[in-house]
Amino acid sequence: MEGVFNNKKFILVFVFMLGLCIGITTVHGQGTRVGFYSRTCPRAESIVRSTVRSHVNSDPTLAAKILRMHFHDCFVQGCDGSILVSGPATEKTAFANLGLRGYEIIDDAKTQLEAACPGVVSCADILALAARDSVVLSGGLSWQVPTGRRDGRVSQASDVSNLPAPSDSVDVQKQKFAAKGLNTQDLVTLVGGHTIGTTQCQFFSNRLFNFNGTAAADPAIDPSFVSNLQALCPQNTGAAANRVALDTGSQFKFDSSYFSNLRNRRGILQSDQALWSDPSTKSFVQRYLGLRGFLGLTFNVEFGKSMVKMSNIGVKTGTDGEIRKICSAFN
């Protein structure tokens, strides 16, 4: 009897531990998990990684563009690859998405994956993996990406109405992030992705000339920095499409210098600089800077955690959605 009891006890402990392990691997997801393709397409992540590396090595600006594309995908209809669909009135035709680039990277990876594992790996997962790999190629830390998303069957420009905007106040940004299940730390962390990449003058030139009807620039900008920006975005010269680094002096390196620029009043977008002026977000910026008197946070580590949360917004799993054969078109 004692042997039977011990066996039952072992089985109960084993089942409990198994359930605990499963809970750990799926804690961030709604059906997604790390290693989802380990049996059905074991080379999936390495194929995406090598594809992203090839493209980014040829054009380093693509790293930030893939990261931004994933963000835009997740904030509209969830992380379902709907941003990738081509055609009239699809998400990619909305004004907020016209500046997105890098679709060819996702298409390239999909072509290779279809050859290796037909009909297995979703475009939504390719984009999530590519975003992580873009950060790593820019010098950031890696993180484990839960996979198992399926591709959405809807992509409408009319749904692209609640993306965070360059002139949003902190309160508006917090509302938009909270609507997606993301808190204030996630907001500051994910916007910190602006440590790589550029933006067009049209999205912040209002801060440089006649700000809010005055004859001066936005007083939130360091006065010694204003003339630099005015030279890059001269008034009334058709410079709206000129591009400026979001993280001055470090646009290709994934690091915390973006937060130093906020502290020095050198944030480019009005919505970015507001993170320093609002107490609820300023404290997180200070923690990422490791300022004395604040409990420090490591940006590279926290970024991965917030990305996992974001990448599980509204995911489609199981029998919901589809696995597209071509990322730019529904099956």
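Cβ from N, Cα, C; glycine included.
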Cys327 - recorded disulfide partner, TrEMBL, among Cys123, Cys201, Cys233: Cys123
Least surrounded among the recorded positions, given as Cys74, Val76, Cys117, Cys327, when other CB atoms within 10 Å are counted: Cys117
Cys201 (disulfide bond) and Pro164 (substrate binding site), Cα-Cα, nearest whole angstrom: 17
Cys74, Gly78, Ser82, Cys117, Cys233 screened against Cys327 (disulfide bond), Cα within 10 Å - retained recorded positions: Ser82
Cys233 (disulfide bond), number of other Cβ atoms within 10 Å: 21
Cβ-Cβ neighbours of His72 (active site, proton acceptor) (radius 10 Å): 21
Other residues, Cβ within 8 Å of Asp73, Val76, Gly78, Asp80, Ser82, Glu91 Cβ centroid (Ca(2+) 1 site): His72, Cys74, Phe75, Gln77, Cys79, Gly81, Ile83, Gly152, Ser155, Asp159
Listed disulfide-bonded residues Cys41, Cys79, Cys117, Cys123, Cys201, Cys233, filtered to Cα within 10 Å of Asp73 (Ca(2+) 1 binding site): Cys79
